[in-house]
């Protein structure tokens with residue numbers, strides 16, 4: 001088992017970092033990367049740029065992982081002390097009920113549980129329906145607004161799932177609250193560590209982006225600043241292989257290798273990417289020449305930072321490598337350590353092979 005990937009994944013998953021509150025994740029990346037890069041920069045949004053200079057100053061390749069996770073934000077405290085919230089990022093309300101949550105206040109972490117009407121008193125009609133997020137609240141064990149406020153809770157505090165990540169049963173499958181996209185952050189750390197001491201032709205920009213979960217807001221400005229010749233987002237991929245999910249619906253497998261993105265599209269807002277063939281062809285070639293297992297990704301109703309990166313500046317050749325994940329956007333995402341390791345190998349080989357403009 002790759003102990004550095006194991007350590008980074010476990011520690012990164014534990015860090016709270018809802019979109020808009022990524023600084024603790026950024027600090028972790030700085031702590032572990034500043035000694036192996038030639039230069040570090042950050043921008044007004046909070047994007048982090050870790051730069052390894054290549055021999056050709058005009059050739060640039062960028063890898064972008066998002067540092068944020070889904071979560072919630074406190075919107076109201078009622079007279080009985082219950083805390084109401086809005087989602088930050090995409091949530092399925094079925095995954096939120098009966099969870100322990102951490103409210104991150106200026107005084108520290110306040111724990112609470114999501115509550116709703118008990119099953120004993122719901123109507124037959126209500127029992128058939130998923131409880132909407134707007135009807136869920138956090139019970140922090142107080143009896144009044146004043147008691148809750150005395151704990152430090154206030155409108156605008158960010159909220160995360162209170163979940164300790166762990167490798168299941170001593171194996172290679174990890175479950176955690178923020179594998180989207182702390183698994184990508186762990187991969188980026190390992191990629192940069194393995195490239196340390198090597199001479200690259202292209203300058204390599206490893207970017208930790210902000211606010212992907214609320215509209216991919218950080219990656220586009222980051223790509224505009226770097227102006228790379230080619231860029232790759234690094235995220236997680238929706239994975240099947242579980243009961244009641246047909247293979248034709250999600251033909252990606254946990255442990256099957258990193259996913260090379262070919263196409264992504266969200267029909268509701270006409271956002272997505274059709275990755276240029278010259279990029280997917282090169283990624284597939286790199287994987288096959290190095291005997292690295294991989295999967296091909298064609299997504300509907302999913303979108304990554306690839307989209308915003310591709311629109312930056314005069315346009316950027318952009319693609320995505322993803323770590324397969326079960327139960328995305330929940331408190332119990334699953335990833336396989338072998339997929340992280342193979343993603344590292346694919347990215348290192350691809351970055352080393354990038355020696356001229358396409």
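Using the three backbone atoms N, Cα and C, a Cβ is placed for every residue, glycine included.
As written in TrEMBL, here are the features:
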- 66, 180, 235: Zn(2+) 1 binding site (BINDING)
- 180, 213, 329: Zn(2+) 2 binding site (BINDING)
- 212: active site, proton acceptor (ACT_SITE)
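Listed recorded positions: 212, 213; maximum Cβ neighbour count within 10 Å falls on 212.
The Zn(2+) 1 site, placed at the center of the C-beta atoms of 66, 180, 235, has further neighbours from the same chain whose C-beta lies within 8 angstroms: 65, 181, 184, 212, 213, 234, 236, 304, 305.
Between the listed binding-site residues, namely 66, 329, the fewest other CB atoms within 10 angstroms of a CB are found at 329.
Here nothing among the recorded positions 66, 212, 235 falls inside 10 Å of the CA of residue 329 (Zn(2+) 2 binding site).
Cα separation, residue 213 (Zn(2+) 2 binding site) to residue 180 (Zn(2+) 1 binding site), rounded: 9 Å.
In three-state terms derived from DSSP, residue 235 (Zn(2+) 1 binding site) belongs to an extended strand segment. Taking only the Cα positions, the spacing between residue 180 (Zn(2+) 1 binding site) and residue 212 (active site, proton acceptor) is 10 angstrom. In the three-state DSSP scheme, residue 66 (Zn(2+) 1 binding site) is classed as strand. Separating the Cα atoms of residue 212 (active site, proton acceptor) and residue 235 (Zn(2+) 1 binding site) is a whole-number distance of 10 Å. In the structure as shown, the Cβ atom of residue 180 (Zn(2+) 1 binding site) sits within 10 Å of 27 other Cβ atoms.
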